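J.: First the structure, which I've put down as structure tokens, then a few questions once you've had a look.
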């Protein structure tokens with residue numbers, strides 16, 4: 001099996017077709033999730049006043065909705081786009097309430113189960129059409145991604161080194177890929193992580209795409225050659241390995257880690273609220289059942305602890321931190337936890353501006369960019385702010401496609417255009433790092 005997806009590559013490695021068949025046909029690879037989303041809806045609302053916002057907050061609490069955006073009920077305010085996943089039974093109550101109060105709404109997804117099953121059907125079809133090579137235009141399970149990592153580690157020794165920095169709560173290895181020409185004892189580095197929130201599948205898809213493009217174009221693209229010769233990229237394709245696996249086997253829209261709380265039945269911590277920077281302040285929840293639960297203490301999650309330890313150890317050489325999320329079409333930089341201007345604002349803002357301009361040049365997709373607190377919302381305890389506060393001067397968070405039409409169910413047909421445009425943005429940021437700011 002060709003793990004670079006290019007039959008002309010001389011360094012490609014092949015595995016028996018039966019290996020891929022087993023991975024496609026094994027339980028959990030394409031899952032109906034026990035019909036758990038039958039009749040569920042995704043509804044968009046934009047409150048036109050603070051009174052409407054307060055009314056929505058109250059009923060969201062009562063109905064225990066799953067907010068797709070924003071990530072917390074506390075963020076619901078006048079003019080804020082609110083995408084709500086709600087069960088079939090609760091949707092009747094919500095729709096009756098909206099009609100009674102004359103709050104405008106739009107149903108984005110009429111039957112979530114059908115949307116999920118359609119996603120799974122397309123996955124199976126696309127995988128079967130490409131048994132001869134690793135397909136970068138489909139979503140892959142954790143097992144597939146780990147096999148991909150190990151194979152590139154064996155077949156690309158001049159550019160790739162894969163290693164583990166620890167284990168997850170459920171005991172899974174936390175794999176990192178070091179990507180770059182092994183030419184110097186000391187090189188500056190860029191950190192890239194994807195999949196800190198389990199349901200955001202486009203993130204891990206981009207991490208894989210980035211690696212493929214870097215390896216395939218290293219000898220032909222002067223910019224890529226310069227990047228890999230002068231920098232190491234530390235890439236974590238799946239940050240939240242337990243949650244990502246769970247999103248493939250049990251709950252497609254799971255967000256958090258899978259750790260247990262001794263006092264509550266609810267599981268998991270928001271891995272992007274668990275960092276030691278204004279921990280559990282605004283935009284985070286202290287309740288274990290909330291999607292933005294900050295955890296019992298900073299770095300309580302072994303996944304967060306392992307990455308924080310690695311970044312601390314290498315912070316003198318790591319000059320950029322890039323984290324990939326979905327969805328909103330934004331490029332964000334610090335601060336998230338406060339309304340303030342970072343000291344190197346002009347340099348970071350220029351890099352962000354050039355990146356979104358480059359991104360837009362590919363398919364015309366518009367991204368907003370700016371400080372996270374002003375562009376998205378105030379949130380505390382996140383990885384981007386932590387990286388910046390710990391001496392990494394370029395810290396960015398991408399919110400990839402789309403803006404809500406598909407939400408977390410971004411179709412596989414949009415993986416390639418999303419990754420192609422994002423690739424250009426990342427190259428722009430990296431080249432700016434090499435040319436401009438220290």
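The first residue you see is number 1, and the count goes up from there.
Backbone N, Cα and C define each Cβ position, glycine as well.
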J.: Please state which member of 61, 314, 325 Swiss-Prot lists alongside 197, 200 for binding Zn(2+).
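T.: When Swiss-Prot describes the Zn(2+) site, the candidate it includes is 325.
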J.: Between residue 273 (substrate binding site) and residue 197 (Zn(2+) binding site), how far is it from one CA atom to the other, in Å?
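T.: Cα-Cα, rounded: 11 Å.
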J.: Of the recorded positions 197, 289, 399, which sits closest to residue 255 (substrate binding site) by Cα distance?
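T.: Closest by Cα: 197.
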J.: For residue 266 (disulfide bond), which residues of its chain lie six or more apart in sequence with Cβ-Cβ distance below 8 Å?
T.: 288, 289, 293
J.: Spatially speaking, which of the recorded positions 153, 325, 344, 399, 428 is closest to residue 199 (substrate binding site)? Use C-alpha to C-alpha, please.
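T.: Among 153, 325, 344, 399, 428, 325.
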J.: Considering only the recorded positions 89, 153, 344, 399, 428, which fall within 10 Å of residue 325 (Zn(2+) binding site) when distances are taken between Cα atoms?
T.: 399
J.: Any same-chain residues 6+ apart from residue 327 (substrate binding site) with CB under 8 Å of its CB? Would you list them in sequence order, or say none?
T.: 68, 69, 200, 202, 399, 400, 401, 402, 403, 404, 406, 407, 408, 410
J.: If you count the other Cβ atoms within 10 Å of each Cβ, which of the binding-site residues 255, 273 comes out on top?
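T.: Answer by Cβ density within 10 Å: 273.
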